[in-house]
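Notes for the one structure printed next.
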Amino acid sequence: MTTTTQPITAQPETAQIETAQSSTAHTATPHPASTRRVQTAILDAGAGAAATAPRFTGVEPDADWFAEVRDLLRKRNATLLAHNYELPAIQDVADHVGDSLALSRIAAESDADEIVFAGVHFMAETAKILSPDKTVLIPDARAGCSLADSITADELREWKAEFPDAVVVSYVNTTAEVKALTDICCTSSNAVEVVASIDPDLDVLFLPDQFLGAHVKRQTGRDNIHIWAGECHVHAGINGDELTAKAAAHPDAELFVHPECGCATSALYLAGEGVVPDEKVKILSTGGMLDAARATGARQVLVATEVGMLHQLRKAAPDVDFQPVNDRASCPFMKMITPAALLRCLREGRDEVHVDADTAARARRSVEKMIAIGNPGSGE
Ligand code: SF4
């Protein structure tokens, strides 16, 4: 067997990242206001935040590494799923690359004994919820998500108590405990459809992403939708000013915008003002972006989402010049799944993801209800 000789080392954790990830350790999370302060601190640090995130290091993703990963996967009868925002080497060694929900559904249908989920913790939890009998591993359980962390189960209980008759709609970027308190989950592809399916006389509590919530409110025209003020610090960092400047500098380019981006509203506004022709602005989930990439006639496309997405877009349409709206929009949590972390995971069978049976059953109901309403397409 080929072996990688470089030792795996773990860098010390930083307080900044540890605070933002507290829910991944299933401990109490800070109030959203304090969480947002942490998110802003990470955003302000820009690329520096990714550089200081705790992570396993010391392994280069070379040919020996690739061979050892594939060999260990075969021996464990495991399948490796990688999110679109992972490092290119992790995407390239994986069995499947995609968005969180599509990968969870692949996990549920897989014959493998083990699912190795290269993504953030809530995604691996979702795979476990849909595959309760399989072992689910994540290469680094500290890989959290500032959006999922922006609401805790206790905060949702309090919010529900204020609106006892409301229907709770949660984006898939939520913890298993929050999904268990949810009536219907949604993705960025079907959020409008899910909310439109709800009795117009009933209040809707939409969480946790305020930008996706604003998009849904605008599309459905509902006044009785209450939106949680959560955000992803990576997407919120892609703002309208940057988008305007990029669009002006590249007048012939199309614009692919993820609805979690702070600039989604700006993109629609620019289209309405005629600054960017309406047909050039596409509000798309990550899965939708790949379909649009294969179909586009444009020579250049500006992409407003996490930069890891560019790897799959460039593979899907090599003749198109894909450019990030903000090249600092890199999720430090996703990038914690390093080549060293993956090797540790496969050598040692760590970190295993657990969701208690009752929480998993209730969370599964909210996901299945979404699937019953229509095609969930894809989320982040
Ligand atoms: S990009 Fe944002 S929403 Fe996605 S995992 Fe990172 S922090 Fe969470």
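Cβ atoms here come from the backbone N, Cα and C positions, even for glycine.
Listed by TrEMBL as binding iminosuccinate are His83, Ser100, Tyr171, Val172, Asn173, Ser188, His258, Pro259, Glu260; the candidate from Thr57, Thr135, Thr220, Thr286 that the record includes in that site is Thr286. For the [4Fe-4S] cluster site, TrEMBL lists Cys145, Cys232; matching the candidates Cys331, Cys345 against that entry yields Cys331. In the three-state DSSP assignment, the secondary structure recorded for Tyr171 (iminosuccinate binding site) is strand. The secondary structure of His83 (iminosuccinate binding site), as reduced to three states from DSSP, is extended strand. In this view, Tyr171 (iminosuccinate binding site) is surrounded by 28 other Cβ atoms within 10 Å of its Cβ, with every protein chain counted. Cys232 are the binding-site residues among His83, Tyr171, Cys232, His258 whose C-beta comes within less than 6 Å of an atom of ligand 1, given in sequence order. Put simply, Cys331 ([4Fe-4S] cluster binding site) is 14 Å from Asn173 (iminosuccinate binding site) when counted between their Cα atoms.
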